[in-house]
Amino acid sequence: MLVVELIIVLLAIFLGARLGGIGIGFAGGLGVLVLAAIGVKPGNIPFDVISIIMAVIAAISAMQVAGGLDYLVHQTEKLLRRNPKYITILAPIVTYFLTIFAGTGNISLATLPVIAEVAKEQGVKPCRPLSTAVVSAQIAITASPISAAVVYMSSVMEGHGISYLHLLSVVIPSTLLAVLVMSFLVTMLFNSKLSDDPIYRKRLEEGLVELRGEKQIEIKSGAKTSVWLFLLGVVGVVIYAIINSPSMGLVEKPLMNTTNAILIIMLSVATLTTVICKVDTDNILNSSTFKAGMSACICILGVAWLGDTFVSNNIDWIKDTAGEVIQGHPWLLAVIFFFASALLYSQAATAKALMPMALALNVSPLTAVASFAAVSGLFILPTYPTLVAAVQMDDTGTTRIGKFVFNHPFFIPGTLGVALAVCFGFVLGSFML
């Protein structure tokens, strides 16, 4: 039966990959329907994860319409054009900190055209900085103070003596170090010379490659204000999470959990941005960030539900099979997280589906925290929105998906980044936890 269920899950994901975009969420729902038809009980839908993403996307979309995203992209472009030789290193650093700031990797979508353009002008294969930038944004989700994944992980680890601040003190430096080392390795080990790529040369001869140059962006009057309002919201979430933390003991009985606090604060930020920056709410619905974010929510709804259905109905088999192995080789937990995240399509959904199982197997808090970064394997299957966008934005043809699905330019940098983040997590965690 397990084999049949796995085949259904893989076929649903394959269909979703063929449909593309929001279609993977649709196919996930179809997969759950087929599993239910053969007697498998549907799993849990990660509504708390989806609600956090929706609230954060609403605030970011309001900021985008107010001009805040253009302002951030403009600052990014200035940084990259001042240091074009280091594009493969700087691009992932930029997307890392933007994701830390926003709590969602969708914010990096706005920077991808700039990264691709600067790379072309410098004669660097766009696939190098684009791949490291996309992967960096995915890894940064496991370090953002307001991401659904970190908020959930914090709530789980509180009962094991790991506070919100302790968690951040490990995941932020370990993931940042991993991104830096991964970027250096990609720069040194792979040929980045654009003129050496035969597909690029062919497309150039056919006139399919265009150099657009630096775009002049008109920054709206409320742009900086919208960025500061969003930053204020992020700080508010962090402060509340610290105050709310049982290990801090500042509040005996908190009024609400951190998830609800994020929803309230982010919706309030969206309201203040709309009022103070005079934003037309109709334009928010039509913004690229809102569309991408809501599409991601549907994808997570379908795929995470499909993945949780499979995992929850086979949890005993997973425990029996993996229990002794993980206790003897704790690092294998990271491997399980890594491949499961490709099926569950969300860092938070993966943590929510598998972290309780890991802790039930008496995995140490250090192993759980260090392995947390491994839930960032969303790049394994080339279907995630930021990954697909990077492929579409590169008109040189260097960022392409191979015939065998897994042979794409994101796989090696991503695997390197995740492996390094886990290793650094074990090292730093042994000192800090």
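Using N, Cα and C of the backbone, Cβ positions are placed for all residues, glycine too.
The DSSP breakdown of the topological domain 'Periplasmic' (38-53), given as helix, strand and coil counts, is 7 helix, 0 strand, 9 coil. According to Swiss-Prot, the topological domain 'Periplasmic' annotation covers 38-53 (among others), on the basis of experimental evidence.
Annotated topological domain 'Cytoplasmic' per Swiss-Prot: 72-85 (among others), in sequence order. On the 0 to 100 pLDDT scale, the topological domain 'Cytoplasmic' (72-85) averages 88 in this prediction.
For the topological domain 'Periplasmic' (104-132), same-chain residues at least 6 beyond its ends with a Cβ under 8 Å from one of its own Cβ atoms are 53, 56-57, 60, 64, 69, 72-73, 76-77, 80-81, 84-85, 87-92, 94-95, 98, 138, 140-141, 147, 179, 182-183, 186-187, 190-195, 197, 200, 209, 211-213, 288-289, 292-293, 296, 385-386, 389-390, 393-396, 398-400, 409-410, 413-414, 417. Swiss-Prot lists 104-132 (among others) with the feature topological domain 'Periplasmic'.
Feature annotation from Swiss-Prot assigns topological domain 'Cytoplasmic' to 148-228 (among others).
The topological domain 'Periplasmic' annotation in Swiss-Prot covers 247-264 (among others) and rests on experimental evidence. Below 8 angstroms of C-beta separation, residues 48, 51-52, 55-56, 146, 148, 151, 154-155, 158, 161, 163-164, 166, 237, 240-241 of the same chain, each at least six residues beyond the ends of the topological domain 'Periplasmic' (247-264), sit close to that stretch.
Tertiary neighbourhood of the topological domain 'Cytoplasmic' (283-292): same-chain residues 57-58, 60-62, 64-65, 69, 106-107, 109-110, 274, 385, selected by CB-CB distance under 8 Å and a gap of 6+ residues from either end. Annotation comment: Swiss-Prot describes 283-292 (among others) as topological domain 'Cytoplasmic', evidence class experimental evidence.
Taken from Swiss-Prot, the feature topological domain 'Periplasmic' applies to 311-332 (among others).
Beyond the ends of the topological domain 'Cytoplasmic' (351-355), by six or more residues, the same chain brings 43-44, 46, 49, 149, 152-153, 156, 304, 307-308, 311-312, 336-337, 340, 344, 368, 372, 375 to within a C-beta distance below 8 angstroms of the stretch. As annotated by Swiss-Prot, topological domain 'Cytoplasmic' applies to 351-355 (among others), with the evidence given as experimental evidence.
Each residue of the topological domain 'Periplasmic' (374-433) gets a DSSP state, and the totals for helix, strand and coil are 37 helix, 0 strand, 23 coil. The topological domain 'Periplasmic' annotation in Swiss-Prot covers 374-433 (among others) and is backed by experimental evidence.
Here Swiss-Prot flags 1-18 (among others) as transmembrane segment. Panel annotation: around the transmembrane segment (1-18), residues 24-28, 30-31, 34-35, 38, 40, 302-303, 306-307, 310, 313-314, 317, 343, 381-383, 405 of the same chain, lying at least six beyond its termini, place a Cβ under 8 Å from a Cβ of the stretch.
Annotated transmembrane segment per Swiss-Prot: 20-37 (among others), in sequence order, evidence recorded as a curator's inference. Proximity of distant same-chain residues to the transmembrane segment (20-37), defined by a Cβ-Cβ separation under 8 Å and at least 6 residues beyond the stretch ends, is recorded for 5, 8-9, 11-13, 295, 298-306, 309-310, 345, 383, 385, 388.
Sequence annotations record features per position, and here Swiss-Prot assigns transmembrane segment to 54-71 (among others) based on a curator's inference.
Residues or ranges marked as transmembrane segment by Swiss-Prot: 86-103 (among others). Tertiary neighbourhood of the transmembrane segment (86-103): same-chain residues 52, 56, 60, 72, 76, 79-80, 111, 115, 118-119, 122, 124, 128-130, 132-137, 139-141, 143-148, 172, 175-176, 179-180, 182-184, 186-187, 192, 230-231, 234, selected by CB-CB distance under 8 Å and a gap of 6+ residues from either end.
Cβ atoms under 8 Å from those of the transmembrane segment (133-147) belong to residues 52, 56, 91-105, 107-108, 111-112, 115, 153, 168, 171-172, 174-176, 178-179, 182-183, 234, 237-238, 241, 262, 266, 347-348, 372-373, 375-376, 378-379, 384, 386-387, 390, 410, 413-414, 417-418, 421 of the same chain, restricted to positions at least 6 beyond its ends. Annotation comment: Swiss-Prot describes 133-147 (among others) as transmembrane segment.
For the transmembrane segment (229-246), same-chain residues at least 6 beyond its ends with a Cβ under 8 Å from one of its own Cβ atoms are 59-60, 63, 68, 101-103, 145-146, 151, 154, 158, 163-165, 254, 257-258, 261-262, 265-266, 268-269, 272-273, 276-277. Marked as transmembrane segment by Swiss-Prot on the basis of a curator's inference: 229-246 (among others).
Here Swiss-Prot flags 265-282 (among others) as transmembrane segment.
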Residue distribution over DSSP helix, strand and coil in the topological domain 'Cytoplasmic' (72-85):
13 helix, 0 strand, 1 coil
Sequence-distant contacts of the transmembrane segment (54-71), meaning Cβ under 8 Å and at least 6 residues beyond its ends, amount to 102-104, 106-107, 110, 146, 217-227, 229-230, 233, 262-263, 266-267, 269-270, 273-274, 277, 279-280, 283-284, 287-290, 293-294, 296-297
